[in-house]
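Listed features, source Swiss-Prot:
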REGION    24-104  region 'Disordered'
MOTIF     47-54  motif 'Nuclear localization signal'
COMPBIAS  81-90  compositional bias 'Basic and acidic residues'
COMPBIAS  92-103  compositional bias 'Polar residues'
REGION    224-331  region 'Disordered'
COMPBIAS  233-242  compositional bias 'Low complexity'
COMPBIAS  243-254  compositional bias 'Acidic residues'
COMPBIAS  255-269  compositional bias 'Basic and acidic residues'
COMPBIAS  270-282  compositional bias 'Acidic residues'
COMPBIAS  291-309  compositional bias 'Acidic residues'
COMPBIAS  310-326  compositional bias 'Basic and acidic residues'
COMPBIAS  376-392  compositional bias 'Basic and acidic residues'
REGION    376-396  region 'Disordered'
COMPBIAS  525-539  compositional bias 'Basic and acidic residues'
REGION    525-544  region 'Disordered'
DOMAIN    603-796  domain 'Helicase ATP-binding'
BINDING   His616, Lys617, Ala618, Gly619, Thr620, Gly621, Lys622, Thr623  ATP binding site
MOTIF     747-750  motif 'DEAH box'
DOMAIN    934-1087  domain 'Helicase C-terminal'
Amino acid sequence: MDMTSCVARRTRSRTESYLNSILNKSKGISGEEEDQSLGCVNSRTEKRRVNMRDACSPSPRKKKRRRRKDDDDDVVFVRTEYPEGKRDDENVGSTSGNLQSKSFDFGDRVCDFDADDRNLGCEEKASNFNPIDDDDDVVFVGTVQRENDHVEDDDNVGSASVISPRVCDFDEDDAKVSGKENPLSPDDDDDVVFLGTIAGENQHVEDVNAGSEVCDILLDDANLRGEEKTYVSDEVVSLSSSSDDEEDPLEELGTDSREEVSGEDRDSGESDMDEDANDSDSSDYVGESSDSSDVESSDSDFVCSEDEEGGTRDDATCEKNPSEKVYHHKKSRTFRRKHNFDVINLLAKSMLESKDVFKEDIFSWDKIAEVDSREDPVVRESSSEKVNEHGKPRERRSFHRVREKNHLNGESFYGGEKLCDGEETINYSTEDSPPLNLRFGCEEPVLIEKTEEEKELDSLWEDMNVALTLEGMHSSTPDKNGDMLCSKGTHDFVLDDEIGLKCVHCAYVAVEIKDISPAMDKYRPSVNDNKKCSDRKGDPLPNRLEFDASDPSSFVAPLDNIEGTVWQYVPGIKDTLYPHQQEGFEFIWKNLAGTTKINELNSVGVKGSGGCIISHKAGTGKTRLTVVFLQSYLKRFPNSHPMVIAPATLMRTWEDEVRKWNVNIPFYNMNSLQLSGYEDAEAVSRLEGNRHHNSIRMVKLVSWWKQKSILGISYPLYEKLAANKNTEGMQVFRRMLVELPGLLVLDEGHTPRNQSSLIWKVLTEVRTEKRIFLSGTLFQNNFKELSNVLCLARPADKDTISSRIHELSKCSQEGEHGRVNEENRIVDLKAMIAHFVHVHEGTILQESLPGLRDCVVVLNPPFQQKKILDRIDTSQNTFEFEHKLSAVSVHPSLYLCCNPTKKEDLVIGPATLGTLKRLRLKYEEGVKTKFLIDFIRISGTVKEKVLVYSQYIDTLKLIMEQLIAECDWTEGEQILLMHGKVEQRDRQHMIDNFNKPDSGSKVLLASTKACSEGISLVGASRVVILDVVWNPSVESQAISRAFRIGQKRAVFIYHLMVKDTSEWNKYCKQSEKHRISELVFSSTNEKDKPINNEVVSKDRILDEMVRHEKLKHIFEKILYHPKKSDMNTSFF
């Protein structure tokens, strides 16, 4: 027991004496009688002090054990009164014996309390005894245990031998039935609380509740001031001891009540007793004998439990039997989670009736349970210090968290809609709320472009960082903390103007010269400095006006250039597009509508028009071009009902593009289960609370059909909904998706290229012939796949296209002899498709971006890796062999992730397999991992981010583990891992984080199939491709993720290969396919020819690695921009 508790008990004793004196004066007792009465009180007080001293001494903790309750447990000892002549030294009110075997004689007056009923209402049940004199109405109400005391075993249940009794004496006449207490002295009221009143001889039990106001007292062991809180009620009298906002646990009086607290429900709080949980008085008096056995036990009478999930709980309701005048308690079961469904039903009702929902309707359920949070700080402290049965502090749960958790279920229902509350808006969006803009209204700082001198200086510092990194690489005694020991014991630092603060005895540099602030007197302001500042910021007014006029975004094209053309539908947009986008815009209009002149257009378009293909290089703005076209097309043909089909990873990109350019046209994403807010009101009203996937999709389809809007859907979902012919309930989806679209847009249009696939067959059944195919890599593997794509885009020319490509494929199979004929037929095919295929080879990227450098790096494997590569069984399945070859060429331990054949088990052996397990985190045992880890570390010193591609997730995870072990990095911070199993929303967060220049991410490990199309990864300037794939377009798409509009740095591409493997042969075949693709889809415009000048002439990171003494042995050969002659050369 601490000092605070001792002082509190001493103050309580003084307060009792003071109250006794006031009571005696009110009764007219003389001083002598008062002294006699004080003698008895002093005797009891002295015994109480002895108990208090015993309680101050710590007692050994005993193992707590729960026992089964007996029928006599509801008998509680109240007091002992001695007639005249009894010894005064007997223990007054001792309750150390077993309660169930004791019955005390009070001289024909017995007081039996029902423990269970007292637990419910925190009040005592008084027996019917007649007071003999004026002091008989002073009773010993009960004892309150110390906070850490528990029931120990079966023999001392309800023991209070170590408890200091607390006695409160009240005059029956002074205690008002209306619940008003006598005011306490301001000096001595710290420990006294009003517990209640006991009916007298001639007063009926029910008269206690005759008043309309009943006192509800807040009692807590630590509430030393004994503050009262009065509530207005008709019948309820309750004593509450909780100050928690969320639980309102009940204070248990007496020794039996502490047994309930120390039981298994102790850590979840005591029973909730609020005004709604009690319909009648829960503490009525029932006169029974002490040996009565038909009293209901607390287990069957009232049980309250509350799980942490906000689950079920039992509320006690009281029913009165008029004949017996006994209150029986009946359990009623309610569900706390029912509120979630109430909110959902309320929101659904508001959606159906199109009316607002007010806060008081939604949150009215929790008004009753809320407690005034302005309680005394001492009470708060006491509540937080309560312990559970395991001796651990009880977890304090915030009430607003429970409300927030309940609201989440409602949010998931209506998918981010907004409900109005008068003028206040309640946003239930499940999207993460945007961060607060603390600089709102402030002028954004102007970015000052560095001068050539500053750029050169930065380049020198980066070179120095690379040199320092290479110098400390692969050291025999690496230092984890970055501190070097000096040869002289301690460093002696001097300032070198070129290096910094370095040691004179060793090469250790404590502070680099770039981090040392120069003396201020060297840089005093001058006239030249003022001129530089005025040039960078605060330009004169004419210069600023001239700059604004040159901004393409603020320029509105004159009507002379666009009058009478389709550009008039989107004024001010033409000059914001690149030249190849302007050409593509007019090309689409000519193919779909026949002309670009408004007066020649009709409501149905030109007869005989068909689809077209926009074959612009990846990263040149095909999505932006298509959005502008749809905006203009819907202004002329608002009932055309365009539908966009794209890979699932690009649906979010389309939504962002439509929102970014302020098209003001609804975009309904069929893959999302959230309503956009632009859906048709009548269609939404038909939901009637049904949030099934297909129900929401049908609402979007109906809204798309009724309004001028765009429908977006992914390839897999379109295949699922449109291909089900016989499934019940799916025919309507098929009919709407196949027959209703008036314009079809296929992003990554090369996806449906296999005529045996279901998606290709479904798309051939689409009724409209107005189709737009977007693809930067139209030629994939062979001419047959190209023919399938061209026939989908132009169904009217299907026969002509098929015959021409069939002849071309024959020539390609003849080898070298048929190469001349092949080139001639490619020219004919190119001329045939020129009127519906618009090609741009990406010259805009070479003109506007810093540059691109592509190279093939051939590496020498170490001994262990080469041994595993040589023992791979080449006679197995082709796909299994390719997987093992790609995995082992990265690191030999990846062989354990493959399925070995019987031959491989015999050749490699268990001993080698055990060695591979130990080599997993040793990155230097694999030549590709050795190159990659060192390359990433060096790139980090020059603040360049690395993008790593691989076909296999096991390979990416191994690299991540090695980076964590070697560089002490963390996944999600410095390392990002993105593959097909990552959710779409998480992918977008990773992309945004990686593209931020000031983020801590250093490397992105990406799956080739999941991250090679449609996304922008311009944050990376170094791209490493670990595997060689057969399809050349896969690598082209992967490279275009970094080399695209928005890139600020020169981009370097590294194709890693291992010497003496089949990777080089695969790369040569891939390059041949790429050559054919360039022949077919080359631009006929001389201005659009690719630039052959090598923009990037130096790769300082790779050059430093090749010259480094400990790294140069891993390099066999490096080919920059491999030529045709290199494809026919085998240097392995």
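Heads up, the Cβ atoms here are built off N, Cα and C, so glycines get one too.
Features per Swiss-Prot, on structure.
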residue : record           : Cβ contacts under 8 Å, 6 or more apart
His616  : ATP binding site : His580, Gly584, Lys622, Leu625, Leu774, Gly776, His838, Val839, His840, Gly842
Lys617  : ATP binding site : Gly776, His840, Glu841, Gly842, Leu845, Ser1040
Ala618  : ATP binding site : Gly776, Thr777, Gly842, Ser1036, Gln1037, Ser1040, Arg1044
Gly619  : ATP binding site : Gly776, Gly842, Leu845, Ser1016, Ser1040, Arg1041, Phe1043, Arg1044, Ile1045
Thr620  : ATP binding site : Tyr578, His580, Gln581, Gly776, His840, Gly842, Ile844, Leu845, Arg1044, Ile1045
Gly621  : ATP binding site : Leu577, Tyr578, Gln581, Ile1045
Thr623  : ATP binding site : Thr653, Trp654, Glu657, Asp747, Leu774
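Under DSSP, the residues of the motif 'DEAH box' (747-750) split into helix, strand and coil as follows: 0 helix, 1 strand, 3 coil.
In the three-state DSSP assignment, the secondary structure recorded for His616 (ATP binding site) is strand.
For Lys622 (ATP binding site), the number of other Cβ atoms no farther than 10 Å from its own Cβ, over all displayed protein chains, is 24. In this model, the domain 'Helicase ATP-binding' (603-796) carries an average pLDDT of 89. Those residues of the chain, other than His616, Lys617, Ala618, Gly619, Thr620, Gly621, Lys622, Thr623, with a C-beta within 8 angstroms of the mean position of the ATP site C-beta atoms are Gly776, His840, Gly842, Ser1040, Arg1044, Ile1045.
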